[in-house]
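Asker: The GTP binding site annotation in TrEMBL covers Gly21, Pro22, Val23, Gly24, Ser25, Gly26, Lys27, Thr28. The domain 'CobW/HypB/UreG nucleotide-binding' annotation in TrEMBL covers 17-187.
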Amino acid sequence: MTGVQKTKGARIAAARVGIGGPVGSGKTALVERLIPALLGRGIDLAVITNDLVTAEDAERIRRSGLIDPARVSAVEAGACPHTVIREDPTLNIEAADELERRFPGVELILLESGGDNLASTFSRDLTDFWMFVIDVAGGDDIPRKRGPGVIRCDLLVINKTDLAPHVGVDLARMHEQALAVRSNRPVLLTNCRKGEGIDAVVGMIERDVLFRA
Ligand SMILES: Nc1nc2c(ncn2[C@@H]2O[C@H](COP(=O)(O)OP(=O)(O)OP(=O)(O)O)[C@@H](O)[C@H]2O)c(=O)[nH]1
C-alpha cells in the first residue's frame, strides 16, 4: 500500500481509494457520508463514480451540494463493472490523472465502482487501498460465502446496521464471521442512513492511506 508520498515527476500524487460492492449495498450513501467528514478534516478531495451506461451516481453527488461538482468525474463502465476497475482500469486511471491535473493540491480520490457482485476487486494499478461494502439486508451468510471482494479488500464495510432487527441478523455474529474469513483484517460496521460508524472509516483512511498521525 502506498500513500500521498507517491510522486509523479515533481508532483505529489493523490492517494486513490476504491469503494466496491454489490448493487444497492450503500456505496454512494457511504461516499455521501465520507465527503463532508473528510472535507471537515481539511482533506483535499475528488470523486470518481463508475456506472454501467449512465452518469447517475456522479450526477447524484454533484447535485448533493457536498462538494464542488467539478471535482466529481463519471466513468461509464459499459457492460461489466469488473473490467474498468480490475482488468483494464485505463479509463479510471485517466480520470484520476485528469482530476490531479485540474486540482494540483488534491490529496485523496475516492473511486466508487458500479454495483456488482461478491467477485469484484480493484486493480492495485488503480487503487492504493480499497474497501468493499456489503449490507446487513443481503443476509448474514454473505461473509461465509468468501467472495473475493469480501476476502481481499483492505477494509470490509458492513452497512445498513439499522436493518439488522428487521431482517433477523445477529450483527455481532456477522461481524465475528467476517473477521474470521478475513483472518482478522479490518471490518467496520456503518449505518449510512444515520451517519453511524463513519468516523471509524475516516480514521482508517487518515491513518492507513494518508499516513496522518
Ligand atoms: N436503512 C438503510 N438504508 C441505507 C443505508 N445506506 C444506504 N441505504 C439505502 O439503500 C439504497 C441503496 O443505496 P445506494 O447508496 O444507492 O447504494 P449503491 O451501492 O450506491 O447502489 P448502486 O450504485 O446501484 O450499486 C438507498 O435507498 C439508500 O437510501 C443504511 O445504512 N441503512
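We number each residue from 1, going along the chain as drawn.
Using N, Cα and C of the backbone, Cβ positions are placed for all residues, glycine too.
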Asker: Over the domain 'CobW/HypB/UreG nucleotide-binding' (17-187), what does the predicted model average in pLDDT?
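Answerer: The answer is 93, the mean pLDDT of the model over that range.
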Asker: Please determine which of the binding-site residues listed here (Gly21, Pro22, Gly24, Gly26) has the lowest count of neighbouring CB atoms within 10 Å.
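Answerer: Checked Gly21, Pro22, Gly24, Gly26; of these binding-site residues, fewest Cβ neighbours within 10 Å: Gly24.
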Asker: For the binding-site residues Pro22, Val23, Ser25, Lys27, which sit with their CB under 6 angstroms from an atom of ligand 1?
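Answerer: What lies within reach of ligand 1, judged by Cβ under 6 Å, is Val23, Ser25, Lys27.
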Asker: Within the same chain, and leaving aside Gly21, Pro22, Val23, Gly24, Ser25, Gly26, Lys27, Thr28, name every residue whose CB is within 8 angstroms of the centroid of the CB atoms belonging to the recorded GTP site, in sequence order.
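Answerer: Counting only non-site residues, the set is Gly115, Val133, Asp135, Asn159.
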Asker: Per 10 Å Cβ neighbour count, which of the binding-site residues Ser25, Thr28 ranks highest?
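Answerer: Result for the most crowded candidate: Ser25.
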Asker: Take the Cβ of Val23 (GTP binding site) and count every other Cβ within 10 Å, whichever protein chain it belongs to.
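Answerer: The answer is 11.
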Asker: Would you mind listing, in sequence order, the residues at least six apart from Lys27 (GTP binding site) in the same chain with a Cβ closer than 8 Å to its Cβ?
Answerer: Ile19, Gly20, Gly21, Glu112, Ser113, Gly115, Val133
